[in-house]
Each structure stands twice: as C-alpha cells, then as structure tokens.
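What TrEMBL says about this one:
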type     : residues     : note
TRANSMEM : 25-49        : transmembrane segment
DISULFID : Cys87-Cys120 : disulfide bond
DISULFID : Cys88-Cys104 : disulfide bond
TRANSMEM : 167-192      : transmembrane segment
Amino acid sequence: MSGKHYKGPEVSCCIKYFIFGFNVIFWFSVFLGIIFFLELTAGVLAFVFKDWIKDQLYFFINNNIRAYRDDIDLQNLIDFTQEYWQCCGAFGADDWNLNIYFNCTDSNASRERCGVPFSCCTKDPAEDVINTQCGYDARQKPEVDQQIVIYTKGCVPQFEKWLQDNLTIVAGIFIGIALLQIFGICLAQNLVSDIEAVRASW
C-alpha cells in the first residue's frame with residue numbers, strides 16, 4: 001500500500017494547531033457578540049436616559065469651563081468644540097461666568113472680565129489671522145449686539161440640533177457597524193461548526 005505515513009509527533013502537532021485555531025475563532029466570535037450586545041445596550045440606554053445624558057454633558061462642559069486656563073489640551077478641546085459647533089458655553093455665553101478669568105464680578109481684575117474665549121467669536125471669512133482678543137467685553141453688550149460678535153447658542157443645544165440634522169447619517173453608520181459585526185459573528189460560527197464537524201469525524 002503506497003502513500004505517505006505521518007509520524008505520531010507530526011499528527012500531535014497538527015491537532016494542537018487545529019485546537020488552537022478552533023479556540024481563537026470561538027473566542028473571537030464571543031468577543032464580537034459581547035461588543036455588539038454592549039453597543040445595543042448603550043443605544044437603548046442613551047435613548048431612555050437622554051435627559052440624564054444631557055445633564056451630564058452640561059456638567060462636563062461647565063466643569064471644563066472652570067478649568068479652561070489650567071490645561072492647554074483641555075483649552076484646545078473646548079476651543080475646537082466651540083468653533084466646530086458655532087457655540088459658546090454649555091447653554092449660552094453666560095456659562096463663562098464660571099471661569100475666574102471671564103466672570104463678571106466686580107472683584108475680577110482680569111482683562112478678560114465679562115468676555116469669552118476667541119473660539120466663541122463669529123468668524124469673518126475675510127480675516128486670515130485669528131484675533132484672540134475678539135471676545136473681550138463681549139458680554140457687557142446688549143444681547144442683540146452680542147449676536148453680531150459672538151455665538152450666543154450653547155454647545156448642548158447645538159449638538160442636539162446637529163444630531164437631528166444628521167440622524168440618517170448617524171443611524172446609517174451605526175447600522176453599518178452592527179451589520180459588519182453580525183457578519184463577523186456568523187462567519188466565525190460557520191468556521192466553528194466546520195471545525196466541530198471535522199473533529200467529530202476523527
């Protein structure tokens with residue numbers, strides 16, 4: 001009888017790799033399933049507790065406003081957020097009273113008193129250089145005049161508006177990610193079933 005005969009150690013090595021591959025695929029499938037479940041749970045909780053999330057976002061922004069000058073990375077993050085969403089403060093420009101440099105109290109000797117950061121200022125397309133002093137004394141003006149110089153809408157309402165305007169895109173991204181994960185889980189389960197079938201035939 002012709003044919004190649006495999007030695008015991010070679011067969012043992014192949015079986016080990018086979019079992020290792022089975023375990024990797026199985027736990028990959030479990031891992032994807034857990035991530036999908038957590039994302040689904042987070043989505044449901046975000047919808048049910050949206051008011052609580054809004055309050056947490058409000059507290060988060062206001063806490064960062066207090067520490068605006070204390071951390072350059074935090075400062076850059078707030079400036080980027082306010083410029084991108086065209087907003088100022090959590091619910092309005094007066095939230096900057098929480099910061100010791102921008103508050104309007106009589107005891108505040110800062111030059112930035114009753115002002116806002118430059119990222120709150122409305123942008124003139126003709127200006128190439130950022131005027132970092134554009135927000136000085138902005139909140140001492142009447143509200144009608146403030147709207148010309150700075151953004152008066154808060155970042156929380158602007159974020160909600162952006163979500164509503166882009167609901168289809170956001171939902172599409174989440175559905176696309178979920179479908180990719182489901183496909184990965186099904187593929188992994190198919191491989192696990194094939195491996196189980198081979199093991200059963202030994």
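The backbone N, Cα and C atoms fix where each Cβ goes, and this holds for glycine too.
Note: TrEMBL annotation is automatic and uncurated.
Sequence-distant neighbours of Cys87 (disulfide bond) (same chain, six or more apart, CB under 8 Å from its CB) are Thr81, Cys120, Tyr151, Lys153, Gly154, Cys155, Pro157, Gln158, listed in sequence order. By a simple count of nearby Cβ atoms, those within 10 Å, the most crowded of the disulfide-bonded residues Cys104, Cys120 is Cys120. Other Cβ atoms within 10 Å of the Cβ of Cys88 (disulfide bond) number 28 in total over all chains.
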